[in-house]
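Record features (TrEMBL):
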REGION    1-22  region 'Disordered'
TRANSMEM  38-62  transmembrane segment
TRANSMEM  244-265  transmembrane segment
TRANSMEM  271-289  transmembrane segment
TRANSMEM  327-348  transmembrane segment
TRANSMEM  373-398  transmembrane segment
TRANSMEM  460-491  transmembrane segment
TRANSMEM  511-535  transmembrane segment
TRANSMEM  613-635  transmembrane segment
TRANSMEM  655-685  transmembrane segment
Amino acid sequence: MTDKGDQRSDTHLEGEKYGTPRSYDPHFRGPVVNRSCTDVLCCMIFILFIMAYILLGLAAWVNGDPRRVAYPTDSQGYFCGQKGTPNENKSILFYFNLLTCTSPSVVVNLQCPTTQICVSKCPERFLTYMEIQFKYKNDSEYWTYYSQFCRTTFLKPAETLSQVLLDNDCPSAIYPSKPFLQRCFPDFSTKNGTLTVGNKTVFDDGSGKTRNAAELRRAANGINKALDARAIGVKVFEDYAMTWYWILIGLTIAMFLSWMFVMLLRFTAGLLFWIFTFGVIGIIAYGIWRCYLEYSRLQEQPSSRLNAYTIGIQTDISMYFRLKQTWFALMIILCLLELFIILMLIFLRNRIRISIALLKEGSKAIGYLPSTLIYPALTFFFLSVCISYWAVVALYLATSGAPIYKVIAPQGHCEHENKTCDPVGFNTTEIAKACPGAQCHFAFYGGKSLYHQYITTFQLLNLFVFLWLINFVIALGQCALAGAFASYYWALKKPDDIPPYPLFTAFGRAIRYHTGSLAFGSLILAIIQMFRLILEYLDKRLQEAQSNISKFLKCCLRCCFWCLEKAVKFLNRNAYVMMAIYGKNFCKSARDAFNLLMRNILKIAVMDRVTDFVLILGKILVAGCIGVLAFLLFTERLPVIIEGPTSLNYYWVPLLTVIIGSYIIAHGFFSVYAMCIETIFICFLEDLERNDGSAEKPYYMSQSLMKIMNKRNAETKKQ
């Protein structure tokens, strides 16, 4: 006669540590169908935020002007190249003195403290204002060419150089430049390893000083990198044009391989896990043997008496590997790690078997519900809509308002620096007299209305609602998938008892009844992520003013928020599973999920590690296989089998695109698989706690799981 205690699952035994399992509906036969709306208040708040978000987008659309980003803006705030304006035929921005772009003012306002005007073309030769004054007398063509880079039209260069610089009417010098991103930048080149600009290494800056190309390069360093990248960008575009169809073929194969891997896990999950495990044990054993050989070799050498105290602190780490104590310590550490792994395998072997069986069960569930593999495409569509709307609103908010001008001093030592100013008649004001050389330049777009005063607040609101929506879309997908896979698990006779269209039904239930609960869980996660982003922003802005203590506190806060976000994501995911099954609100579902997981903490730990290993291995396997095939194809090493694209500039461009794209596709497939495993695992634990195998309470788990758990249903017992 079987003892009653033997019939209790080890889940019940563990449950005694955390409290008795809650009472269950004895007639439970799957996810609850008769539901009511949960967390209605949060649902209403969520809808109000969405309505406010739409109104914010409309207000930004009315007040913003994205042309302010598309067209460069001169010092007066006018667009270059915009139709219907005096600058219609002047689409390129020209800097009077690019050498001033190394000024501290650039950091403050992201503007070079020099006059900027719109021109129709960039200068193509070296000329200074002083040269023009002499050459104009013999040939007026020089002044005709030079004057197109002046702000004011003159009949002749009558003003002195000092007066021209004071009035900012003309540049003191021009040098060969090329247009890039509608801006004139120096025409740099390298000859015999020497940097030149317009085939010259040194030139006159127009004020009597001799400058070299390296100084100009430092002034335009960041921009010059973009100039160097222009040629690369053209070549990359050519490579994509030649290989786009091969890239699509590779991504299609990656999709097929991902599906095949998920299906084959039903038969290979255990084999993959044990191969990996014994491989790790073998590698550690080899490390122990290697450490022992090195220790024995050093033991026989005359320098074996050396130790860490003898050599002291060394910057060359290789010095420590010449000590026998180092190899002995490594050998001890590896021995302890080897022993720990072996003991874990011995004592947790049953739980590992359960985890492998659940992996196989997940593959079987996806085989019965293939529509779940298409769901990531729907999630991707929703996420794309959210990201696009956020980007458009942020752009329109950033370009809202009228031009705002601020005082910029070349040396950054003016008491009026960064103050608002009026460019009309600025040179006659007290600020210009108090700060010689200061200029009134366009800074950004803004205004004095209530809307413009809260632009920063609106940007923060835009970011917060964006995070909320992103997390809501992910939560909706998790809840819908959990409902579909729970319908599979709680079908007593699979696949006959699986309800029709389980994914569509679960998605409808999640939207109709649990929008508020999903918004609640997403709100918690969005708040944490918002705090993390604000912390990162403050860290970037105050990086130079931080002390060692503040840096330490910052690292602690970042670590705490990272851990908190991971923990909330894990708890939310399991709460959505409980919500999909029982239809309770978020707090109750989170509480039930937490209690259930705590009663099975060892199973959770083992299950997570096994699942993580299999999924990571699958992603690497899919991306690696496609990467090898793409490498052989793009490097023309498969001419006998298939002829790929030839004459690529950078074969690694399509190669990396295929590898990264394959990994993303595999991640989309395996995210569904991970949700399937987690749902089946929660249902499995619930099954153990609520049922006993009798005719009234039969187990819903598969025969393989029953065999591992040594469980049987009443019908099986009679047979």
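Note: Cβ is positioned from N, Cα and C throughout, glycine not excepted.
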>> If we skip the immediate neighbours and take only residues 6+ beyond the ends of the transmembrane segment (38-62), which ones have a Cβ under 8 Å from one of its Cβ atoms?
In response: 389, 392-393, 396-397, 400, 451, 458, 461-462, 465, 468-469, 472, 513-517, 519-520, 523, 579, 583-586
> Counting Cβ pairs under 8 Å that are 6 or more apart in sequence, does the total for the transmembrane segment (373-398) and the transmembrane segment (613-635) reach three or more?
Replying inline: no
> Counting only residues 6+ away from its ends, which parts of the chain sit with a Cβ under 8 Å from the transmembrane segment (244-265)?
Replying inline: 272, 359-360, 362-363, 366-367, 373, 614, 618, 621-623, 625-626, 629-630, 633-634, 644-645, 654, 657-658, 661-662, 665-666, 668-670, 673
